[in-house]
Amino acid sequence: MALAGPSRLLALAVRLLLEPRRNLVVRGSDQSLPVVRVPRALQRRQEQRQSGRGSLQRPVLVRPGPLLVSARRPELNQPARLTLGRWERAPLASRGWKHRRSRQDHFSIERVQQEAPALRNLSSRGSFVDLGLEPRVLLALQEAVPEVVQPTSVQSKTIPPLLRGRHLLCAAETGSGKTLSYLLPLFQRLLRGSDLDSRSFTAPRGLVLVPSRELAEQVQAVAQSLGGYLGLQVIELGGGLGMSRLKLQLYRRPAADVLVATPGALWKALKSQLISLQHLNFIVLDEVDTLLDESFLELVDYILEKSPIAESPAELEDPFNPKAQLVLVGATFPEGLNQLLSKVTSPDSLTTITSSKLHCLMPHVRQTFMRLKGADKVTELVQILKQQDKASKTEPSGTVLVFCNSASTVNWLGYILDDHKIQHLRLQGQMPASMRAGIFQSFQKGSQNILVCTDIASRGLDSVHVEVVINYDFPPTLQDYIHRAGRVGRVGSEVPGSVISFVTHPWDVSLVQKIELAARRRRSLPGLASSVGDPLPQKA
């Protein structure tokens, strides 16, 4: 029994030796065994990946001519005549920008037309006379703004319904002439109203609400230049004042037909019963997408509650109890509009006017995106500003706007530019009112060619002399990018504009990829489209 185990093992070994060998290749003495340097499984995966990549790539016919997108790597260029299909894969130049090795990469969305979309086909839109404006209003327009000869597309769509007394929402690209589109018809309505001698600063007949004191100064200047020829008085009420100074300012101002105010200053005046809105003929919310932000929403809500807004156009002509016409103007569709309208009027009474290029990238402005390390942004900025200054000495050039995301960055960057002997102005919301007063007007008049600012200068401010916008900090949202880029390429701009954006963080790259994809597909920017519909249910 003890020998049974070893005998079995010996029998098994003999049987294995005597069986024929299978799958064995007899090699000669001169043949060597293959050396496996890459595991077969990994090698098969690489072969499958390469074969799959080759099957997805299709030859693209590159046509001669201008480019829509020009990248550092020529294979990622896209001709202006090429349009990608809806389901066709877009070769993004910014696809790998979240990796740190992508630094120093760049691409540009090129200028594909020379004029602003609002100025195209002006001859086919008729004249201001055809829109229903009276001769005295046309004469005031000719004297105040002689360079405006024909209406833009936005003005052609906006003026007739305003003259008919309709509540209006106008959403159009920046720099398309929206200010004149509401001032002209509303001034004409004021002239048809009560006697001008009954004006009172404490009870204006028109109100224009804007988000910043700089925009209030600008709108007041444009409105007063028109109103001066019509016998109308326009007064501006800016923020940043204490109650005592606000009262003093109100008492010193002459009687007014139209008040241009910021939400904070008007809220203080209404709370103190220094101003009444019961005699309003119209109320305009300019840059309404900004006014409906959380920082302004409560103030704007209170102001609208104090305003007698009409339910229908018939109430505007009531001689005993006239109501106000509501006008909303902005460069993007505002969020939260349904909730706001449900408190003051029905959304069905609102006529919506939108432009064909709403939420689209401007086709007449070159936009460059540079992937940079955070520490390299200052060096790149100084180099661009010095090149711009050198070019301005040899040929006519415009001014430069440098946008930052915070007031502290504006101050810090200002000190850096001072060290490099680069003259500039600074504008940010934390400045005292006395320091902020007149800074943007000085920049518009050309006292300095460079303005370092926050988004306070990106909403509505007219900047026809600006040639370059530099996003030192990439804007946090696509709405902010639209507003910043809209400081160039405006109606009446004297120089072709360009935008340069520094891209640093991964969340910046995500927005850049959305912008590039929209440009390559020739579509509007995602996430901005909206509409005005039924009001949302109010909370009990």
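Including glycine, each Cβ sits where the backbone N, Cα and C put it.
Taken from Swiss-Prot, the feature motif 'Mitochondrial targeting signal' covers 3-18, and the record attributes it to sequence analysis. If you look up Swiss-Prot, you'll see 126-156 marked as motif 'Q motif'. What Swiss-Prot records for 159-351 is domain 'Helicase ATP-binding'. Here Swiss-Prot flags A172, E173, T174, G175, S176, G177, K178, T179 as ATP binding site. The annotation motif 'DEAD' is assigned in Swiss-Prot to 286-289. Feature annotation from Swiss-Prot assigns domain 'Helicase C-terminal' to 377-536.
DSSP assigns T179 (ATP binding site) to a helix. Mean pLDDT across the motif 'Q motif' (126-156) comes to 89 in this model. Ranking the binding-site residues T174, S176, T179 by other CB atoms within 10 A of the CB puts T179 at the bottom. Around A172 (ATP binding site), the same-chain residues six or more apart in sequence whose CB sits under 8 Å from its CB are A118, V154, K178, A331, I353, T354, S355, K357, L358, listed in sequence order. With DSSP classes pooled into helix, strand and coil, the tally for the motif 'DEAD' (286-289) is 2 helix, 1 strand, 1 coil. Neighbouring residues of the recorded ATP site, listed in sequence order and excluding A172, E173, T174, G175, S176, G177, K178, T179, comprise A118, T152, V154, A331, S355, R490, V491 (Cβ within 8 Å of the Cβ centroid). The binding-site residues listed here are G175, G177; among them, G175 has the most other Cβ atoms within 10 Å of its own Cβ. Mapped onto DSSP classes, the motif 'Q motif' (126-156) shows 17 helix, 0 strand, 14 coil.
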